[in-house]
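According to Swiss-Prot:
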- CYS74, CYS76, CYS89, CYS92: Zn(2+) binding site (BINDING)
- ASP471, ASP473, ASP475: Mg(2+) binding site (BINDING)
Amino acid sequence: MTNSNLRTENHFDYVKISIASPQRIMDWGQRTLPNGQVVGEVTKPETINYRTLKPEMDGLFCEKIFGPSKDWECHCGKYKRVRHRGIVCERCGVEVTESRVRRHRMGYIKLAAPVSHVWYLKGIPSYVAILLDIPLRDVEQIVYFNCYVVLDPGDHKELKYKQLLTEDEWLEIEDEIYAEDSIIENEPIVGIGAEALKQLLEDLDLNQVAEELREEITNSKGQKRAKLIKRIRVIDNFIATNAKPEWMVLDAIPVIPPDLRPMVQLDGGRFATSDLNDLYRRVINRNNRLARLQEILAPEIIVRNEKRMLQEAVDALIDNGRRGRTVVGANNRALKSLSDIIEGKQGRFRQNLLGKRVDYSGRSVIVVGPKLKMHQCGLPKEMAIELFQPFVIHRLIRQNIVNNIKAAKKLIQKADDEVMQVLQEVIDGHPILLNRAPTLHRLGIQAFEPKLVGGRAIQLHPLVCPAFNADFDGDQMAVHVPLALEAQTEARMLMLASNNILSPATGEPIVTPSQDMVLGSYYLTALQPNYQKPEFGDNKTTFASLEDVIFAFEDKRLSLHEWVWVRFNGEVEDEDEMRSPQKTQELEDGSKLEIWNLRRDRFDSDNNLISRFVLTTVGRVVMNYTIIDSVSKT
């Protein structure tokens, strides 16, 4: 595109995380400036100049590599202002552009010797050990310069491919090879460190190994078979992603953008810096020292020790503390490596990407709302007025209550009855989403119809608690408002709490009464021994219907556990009842009265039931009436 102000919009199907090749790592950091100069390699451990407070060239904050630290201004100050956009200063080599490029431009460190990636070496499982079919302990011995490994046995009869040799064993074999009477023509080749590991990984033909393993699996059983399956699974993943095993050994290390590992000047003139800068500095110092030792052809033992120290420095940068001693800074505090920044609850993914703050959302403590219906939740007025503010403003203007947005906001701040009336109209039929972290399954976020309540706590129906794994001991929940009509429809149709009764994992009901509800049901239907059973026909305790009993209870003429006679023509089951009536009376009108222990049944001459009075408690009447009422409505 000719105009750099125009932005292109990229659409992605998916994001894939895979191993980066050494060339890709170089491509991330390498750039060709408009004048043809190639920049990107960080070669100096310095950060900023203590006198000028400007970044050092080729250092960890280099303006030539990462971009200018001030908008439209080069390092030396020759070019200032936006009119010089895109020019590369011929004096300092800095491109004149915006300083925000320092948030995404990367660099790289070219390593003087290959180093193993600690994630693939010391992770669980160790992919390097699985691919090479060598125990992890032996792989570590090779990488950290404790043992040699045979890369090519040559003509030596006692040596085998991938065999480990100690220093003394290799010296003995060397004496044997270079003896005057030696008959060995093809000398064996051994290696040590990450270079040897890289050679072993390069020698792997994944397709051939996969074929051999598949043949071997058919004839093996038990633990051996499980081990082969684990190995073939790793190999298949490498083949599927077009990744090469030798990429697990690094030849170059990416340097993340400087604004993501800043250096800030404090009031006293001192500097606070990100731990990553210290870790990068250790790597660069050791890398430069190793390059210098190789240049002057230093003794092998010194070079090898420096390579091991470089390996440990890179390990600490990627994942401090995974292997060996943890690198500490001031006050014996462990330095925060790249892995520490990414992983865990406070890491980049969970804290900043998945757990980021969004508009039209709120958060509050939950309390029980026993009078709510299952698909309802109590939303505090204070929260609702804030969440639904754009809708309320729109309706206030549309109803000509106010003329503009500013006046609407002033009116909303007063929160008078007129605003509350409009808010009530807005939230009617507008579902909201409630989410409780951690959202471990799809029922961790459900839709509810909001009901305005006082206070500052969200009210939740007790039946939906098992799905959220919530209780009322201080749990908090987040509220989200679906804005688009499609989102509202989806929330109502698919996510409403009353539509999510079965667990997606087991298919069994997840909406089950528990704790307070079970206790309440028991208390409601329990029999109290200190209440006397009344005589049948007593005016105070005989009622014509279940509704009459409930009216009397609400009128406080009856207590919850008091015995009453109530007319009920439905089926009655009672374990304490006898098989036959205690007594049968013939009445004057030809009807018959059966006297049972807990009921009175009256039949006509054709044995049809005329009326039935049941002796029960007020609590049991309430329970039965509630169930009958709910069933009849469905």
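Cβ coordinates come from backbone N, Cα and C, glycine included.
Swiss-Prot feature annotations superimposed on the structure.
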residue : record              : CB count, 10 Å
CYS74   : Zn(2+) binding site : 24
CYS76   : Zn(2+) binding site : 14
CYS89   : Zn(2+) binding site : 21
CYS92   : Zn(2+) binding site : 17
ASP471  : Mg(2+) binding site : 14
ASP473  : Mg(2+) binding site : 7
ASP475  : Mg(2+) binding site : 17
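The binding-site residues recorded for this entry are ASP471, ASP473, ASP475, and the Cα of ASP475 lies nearest to that of CYS76 (Zn(2+) binding site). Of the candidate binding-site residues, CYS74, CYS89, CYS92, the one lying closest to ASP471 (Mg(2+) binding site) when CA atoms are compared is CYS74. Secondary structure from DSSP puts ASP471 (Mg(2+) binding site) in coil.
For ASP475 (Mg(2+) binding site), the nearest of the binding-site residues CYS74, CYS89, CYS92 in terms of C-alpha separation is CYS74. Apart from CYS74, CYS76, CYS89, CYS92, the Zn(2+) site neighbourhood in this chain, defined by C-beta within 8 angstroms of the site C-beta centre, holds HIS75, GLY77, LYS78, TYR79, ARG91, GLY93, VAL94. Closest to ASP473 (Mg(2+) binding site) by Cα-Cα distance, out of the binding-site residues CYS74, CYS89, CYS92, is CYS74.
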